[in-house]
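Participant: Here it is, the structure in full.
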Amino acid sequence: MGNQVEKLTHINYAEVPTSDPNGFDPDGDGTRIGVSYIFSNDDDDQEQDDNLDHFPPDSRPVSHEEKPFDPDDELECVVYYRDECVYERSSGAASVSPESLLAKCRPGDLLEFVATGQYPHWAVYVGDFQVVHLHRAEVKNNFLTDVSQGKKGRIVNGLYRHRALPPEVIVRNAMDHVGTRDRDLCWRNSECFAAWCRFGRREFKIGGEIRIGKQPYKLKLLFSEKKSHVLEFQCLEDVIMEKRRNDQIGKDAVMQELANHLNATHDLKEECHTSLFCPPPSPPLCFRGSS
C-alpha cells in the first residue's frame, strides 16, 4: 500500500445502517453503537479549502470576520481505544487572536486555528514566530500570523492523552519533513501530521494500523448530559477524519444529520414490519389485528 491511499467517498448518517433504531438513550444511562463510515479526504490542506486556506505571498490575508468562530457550535467528543480514553475535547475552549497566541507559544506546542464552516488547521510551533504545518499536500514552514489567516487559534497539547516527546524532538520531527509533498507524505491532514510530530505514534500515519475487520476505536459524540451517540472505527485515521468533518459542519448540523438518519431508520423498520406482519391489502380489513 505504501503511502498511496485511494480517495474514498463520504457517506453521511442517512446512508448507512445503524444498530440503534431509536438513536439516543432516553435514560442517559448508556451509549448507542453505530458503524464505521467511509470518508473523503477532509482536507483543509486539499482542494476543498483552496479559497479559504491559501495564502499567496502577494495577496492580503482572507478575512473570516463574517463567520466568527462559535464555540457553542463545537461538538464535544471523546475517543476510546478499546477501554482507554485517548482523546477528549470539551466545547467552548477559548481561542485567541494570532498575536495573543504568539505570546503563549513554546517550541513543540500543537496549535489549532479555527473558523466557522472550515476544517480546523493544525500546526507545530517551532520558535521564532514560525510554525510547521501540512498545507495543500506539502509540509511547510511559515510565520504563525501568515498561517492563521486571521483565524483565532489555541494551544491543543492536552487533547490527545499520549505522552509527548521532548520539545526538541517535536521540533526536529517537524523541521525534518519541511518540503515533503504529494506521494511522499505519510499523513492525511494537518492534524495527523502535527500530532505525529508531538507524539511520534504510528497510528497517525497513513496505513499506520492494519485494518483487520475489528473496530477497536469508538468516537463518542456528546450532545448533552443525556444524549450521546457512539461510532466504531477500525483505525485512528478514520476517527480523525470523521471528527474533523463534524468540526467543519458544526454541532447543530451533526445533530440534524443524525436525527434524519434515525428517523429514516425508524420509518424503514416500520415499513418492514407492516410488509411482514400485516395481511395482504384487501379492503377494508387490511390493518386489522389477526383473530
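Note: Cβ is positioned from N, Cα and C throughout, glycine not excepted.
TrEMBL does not curate its annotations; it predicts them automatically.
Positions annotated as region 'Disordered' by TrEMBL: 1-70. What TrEMBL records for 41-50 is compositional bias 'Acidic residues'. According to TrEMBL, the feature compositional bias 'Basic and acidic residues' maps to 51-70. Marked as domain 'LRAT' by TrEMBL: 111-206.
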Participant: Could you give me the DSSP helix, strand and coil counts for the domain 'LRAT' (111-206)?
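Facilitator: The counts are 31 helix, 28 strand, 37 coil.
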Participant: Across the domain 'LRAT' (111-206), what is the average pLDDT of the model, as a whole number?
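Facilitator: Over the domain 'LRAT' (111-206), the predicted model scores a mean pLDDT of 97.
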